[in-house]
Amino acid sequence: MEPCNSTLQSGFILVGILKDSGSPEVLCASITVLYVLALVSNGLLLLVITMDARLHIPMYLLLGQLSLMDLLFVSVVTPKALMDFLYRVNTISFGGCVLQMFLALTLGGAEDLLLAFMAYDRYVAICHPLNYMIFMRSRVCWFMVASSWILAFLSALGYTVYTMHYPFCKARKIKHLFCEILPLLKLACADTSRYELMVYVMGVTFLIPSLVAIIASYTLILFTVLHMPSKEGRKKALVTCSSHLTVVGMYYGAAILMYVLPSSFHNPKQENIISAFYTIVTPALNPLIYSLRNKEVMGALRRVLGKYMLPTHPTFSVGPQS
């Protein structure tokens, strides 16, 4: 194909999961429900953690950041995909594609690092409870949060700039839900094999150490929990950790399939499904997984809703009758 010199002006055409679906209307309705669920559940969790002073502890500070990342992540991809389907317009400008890729990479990378820090937080809380407020003091927590955002920002910036410097061909159709590195490289009019290899190597470098840290943290937690004398303490620790491990499994499973396994192991349709899972499904389920089995969160939710959202009724005093 001939190089297209007008890519900057014409942009790209997104041919995502809705276009290839056998029942696009049903899938569109499902994605809409998941998007609304993600907005409401993550928004409520953020509100509760912010408004209830009892949740102003390291564990919930990190959980609040996870909800913020999920809220932003799902909003980077889903509204564009739904509007394209409803209005039959699948184009995205070159600048819009750059911005979408950069934001998705930043939020995905930040969540990867944050999940590892959350695992460390649980390790300290369960294995070293007496020193918890020393190891997880406010300065350390904010350092973890800032590190997640800054490292992900720098990584995403490098990926985005290098990916978009390639010349692209006239067939501007990206067979993907949104602008992502690997589907976009298939449109390049240059040899991208070395860069694709670097993407996989960097994916391993970025994802695997965090996953190893999580596995190590929970292995130590498991040994500690098994030696706890209190049955109630073991149950509470396992409930908290099982929620985190469920989220980790969903996120890292999809990310490894997308960025660590070579492209020969999956096709564009599978890539669409994987991307939809970690950009739409996971952000909708994360706050439910963390909150439904957490008595502290549910109690805080009832207090906040009761205080700020439920209508108040005037109190009438009844005086003595003459």
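Glycine is treated like the rest: Cβ placed from N, Cα and C.
Just so you know, TrEMBL annotations are computer predictions that nobody has curated.
Going by TrEMBL, these are the annotated features:
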{"type": "DOMAIN", "residues": "41-290", "note": "domain 'G-protein coupled receptors family 1 profile'"}
{"type": "TRANSMEM", "residues": "29-48", "note": "transmembrane segment"}
{"type": "TRANSMEM", "residues": "60-78", "note": "transmembrane segment"}
{"type": "TRANSMEM", "residues": "98-120", "note": "transmembrane segment"}
{"type": "TRANSMEM", "residues": "140-162", "note": "transmembrane segment"}
{"type": "TRANSMEM", "residues": "197-225", "note": "transmembrane segment"}
{"type": "TRANSMEM", "residues": "237-261", "note": "transmembrane segment"}
{"type": "TRANSMEM", "residues": "273-292", "note": "transmembrane segment"}
Given 140-162, 237-261, 273-292, the one sharing the most C-beta pairs under 8 Å with the transmembrane segment (60-78) is 273-292
For the transmembrane segment (140-162), the distant same-chain contacts (Cβ-Cβ under 8 Å, at least six residues beyond its ends) come to 58, 61-62, 65, 98, 101-103, 105-114, 117, 181, 195, 199, 202, 206
State the non-local partners of the transmembrane segment (197-225) in its own chain: residues 6+ outside its ends, Cβ under 8 Å from one of its Cβ atoms. 109, 112-113, 115-116, 119-120, 122-123, 126-127, 155, 159, 181-182, 234, 237-238, 241, 245, 248, 252, 255-256, 259-260, 262
